[in-house]
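A short write-up of the structure that comes next.
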Amino acid sequence: MLATNNKYVGLLYLSPALLFVAVFVLYPLVQLVMISMTSESLLGGGEFVWFDNYLLAFSDRSFWTSFWFTVRYTLIITPILMVLGFLLALLTMQNRALNQIARGVVFLPVVIGLASSSLLWVWLFDQQVGLLNKALVDVGAIEQPMVWFNRAHLGMTAVIVSVVWKVVGFGMIIMLSGMQSISHEIVEASMIDGATYWQRVRRIILPLSARAILLATLISAIGSMLAFDQFYLMTGGAPRGQTFTSVYWIYQNSFVYFKLGYGSALSVILMVVIMAGAALQIALQRRGESA
Amino acid sequence: MTEIASPATNIATGATDARVVGGSRSVGYLVGALCLAIIALMLAPLVLSFLASLKPPAEAAAVPPQYLPRSLSLANYQTVANYQAGLWTYVANSLVVATLTILFCLALAVPAGYALARYAIPFKEVFFLLILASMMIPYQAMLTPLYLMFSTLKLTNTHVGLAIVHTILQLPFSVYLMRNSFEGIPRELEEAAVMDGCSSLQILRRVFLPLVLPGMVTVSLFAFIMSWNEFIAALIFMSRETSFTVPVMLTGVSTGIFGVVDWGALQAGVIVSVVPCIGVYLLLQRYYVSGLLSGAVK
């Protein structure tokens with residue numbers, strides 16, 4: 001008999017991970033829901049208030065401002081990331097040395113920290129010492145160095161530029177792997193039929209890497225809906241809290257205003273939104289696995 | 001630089017030949033020029049940051065700024081080295097947390113992956129999905145209950161505490177990866193080992209571990225990069241000045257002293273924080289790209 005047939009031995013090996021998930025994921029999850037129904041504060045105290053926090057959230061304008069700001073950020077940055085990622089994947093798909101170096105370089109910022117890249121870009125965008133401002137003036141795009149972080153849409157633009165630089169390589173790699181799994185015969189057949197390069201891109205490469213594109217889109221969108229570091233470090237929510245994201249607003253309520261109960265209710269709402277997206281992602285991945 | 005390119009060739013199962021995509025020679029030049037422009041654009045921020053970190057402090061603070069340093073100096077690095085509790089304290093904090101995260105992930109994911117790949121366990125699929133499902137829960141939403149729990153357990157401001165949070169984040173991916181690694185090993189190998197009278201633990205140690213080593217490297221690599229870079233949990237859980245990790249320390253540098261930001265020192269800090277990631281990535285890029293793809297696509 002194979003040693004591996006003993007189910008208790010298997011359970012023994014699996015149990016540390018299961019125990020960890022139970023203690024550090026499931027238990028806090030239950031706690032989160034419970035805290036969200038109290039008026040708990042970091043300073044102590046708090047009583048059971050049923051769904052008051054949730055009702056409060058729905059009438060809290062700051063919450064909605066942060067929520068729609070996050071949605072807007074996601075809706076703007078995701079298409080930019082996907083289109084650029086797709087084009088970069090097309091470009092670096094070729095096996096020439098220069099294209100592959102470009103691929104490696106585009107991917108490089110993916111491994112560095114979002115906090116580090118945000119602090120790099122906040123410097124580049126600075127009105128006084130920022131080299132990006134200087135470059136824009138030098139090429140004549142603007143007349144004099146701009147203040148990027150005193151208006152919400154400019155602040156968001158700066159954040160988007162920095163995050164695109166930081167993560168565009170991620171989408172590129174995912175789409176590249178989709179493109180590279182396209183069979184050679186299909187591509188060659190289309191060439192014999194005399195299809196031009198862009199026809200091939202539109203009719204073959206794009207539809208056949210659709211699953212990879214969809215996956216990259218979902219992963220990026222979920223990531224953007226959870227944005228925190230880049231806004232905390234670049235805009236600080238300014239001006240007047242207009243650039244608070246959902247996570248930032250939760251952080252603000254829970255750990256700056258110490259309103260743990262209310263912060264938890266906001267967390268539960270955010271979690272439901274995110275889990276819907278994540279469930280879709282996992283369903284897609286599992287389908288790809290069985291295919 | 002060609003080193004960076006090599007993993008990319010590895011992810012290609014069917015190599016795409018240039019003929020299939022590129023057209024005539026002039027198109028080839030255009031594509032080449034485009035590649036060069038992209039390389040320059042992507043490297044520029046890091047290069048400029050590095051150059052700024054080498055400027056003497058007065059030059060780094062000069063308005064208007066210059067692209068290139070006129071003279072070189074390590075003064076900014078000295079400023080960062082002596083910042084508050086000292087840079088090395090923060091680097092050590094980050095390294096200890098990252099190392100603990102790697103150890104926790106391996107200790108939990110290697111046996112779990114083995115069990116999921118090789119054992120008949122009741123409710124196996126349910127358990128596997130349960131572990132994977134924790135990936136769906138955004139940890140940003142869980143910080144409040146975890147904070148309260150860790151306060152009670154006296155785990156805030158400790159390396160172990162933050163490492164546990166980072167393990168929560170990294171465990172689903174690690175288990176998934178280790179399960180795949182174990183599944184990739186032919187069953188004949190362990191059957192032979194059983195014939196030779198090896199026990200279950202001996203099989204794990206002697207037969208499997210050498211073969212799943214690449215998987216373990218990938219798990220460690222991702223755990224390291226995530227833990228080294230992670231920000232919001234570190235910000236909340238490490239509130240004492242001596243327990244900051246590198247990204248949290250950088251926040252302090254960026255808010256400046258009395259509102260005056262030392263830009264040269266900030267860029268020196270940024271460079272210190274990105275160099276380990278880039279170094280580890282360049283050394284182990286093959287594992288990184290394959291891990292990323294198996295986590296995201298497969």
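Backbone N, Cα and C define each Cβ position, glycine as well.
Per TrEMBL, domain 'ABC transmembrane type-1' is recorded for B:91-284.
For B:27-48 (among others), the entry in TrEMBL reads transmembrane segment.
Per TrEMBL, transmembrane segment is recorded for B:87-114 (among others).
Under the heading transmembrane segment, TrEMBL lists B:126-148 (among others).
Positions annotated as transmembrane segment by TrEMBL: B:160-178 (among others).
Taking Cβ pairs closer than 8 Å, the transmembrane segment (B:211-237) reaches residues 94, 97-98, 101-102, 105-106, 109-110, 113, 139-140, 143, 147, 150, 156-157, 161-163, 165-167, 169-170, 173-174, 177-178, 180-182, 185, 189, 244-248, 251, 273, 276-277, 280-281, 284, 287-288, 290-291, 295 in its own chain, all 6 or more past its ends. According to TrEMBL, the transmembrane segment annotation covers B:211-237 (among others).
Here TrEMBL flags B:257-284 (among others) as transmembrane segment.
Remote same-chain residues near the transmembrane segment (B:160-178) are listed as 97-98, 100-101, 104-106, 108-110, 112-114, 116, 128, 131-135, 139, 142, 146, 150, 153, 212, 215-216, 218-219, 222-223, 226-227, 230, 233-234, 237-238, 245, 291, 294-295 (criterion: CB distance under 8 Å, separation of at least six residues from the stretch ends). Only residues 6 or more beyond the boundaries of the transmembrane segment (B:126-148), in the same chain, are considered here, and those with a CB under 8 A from a CB of the stretch are 112, 116, 156, 165, 168-169, 171-173, 175-176, 179, 232-233, 236-237.
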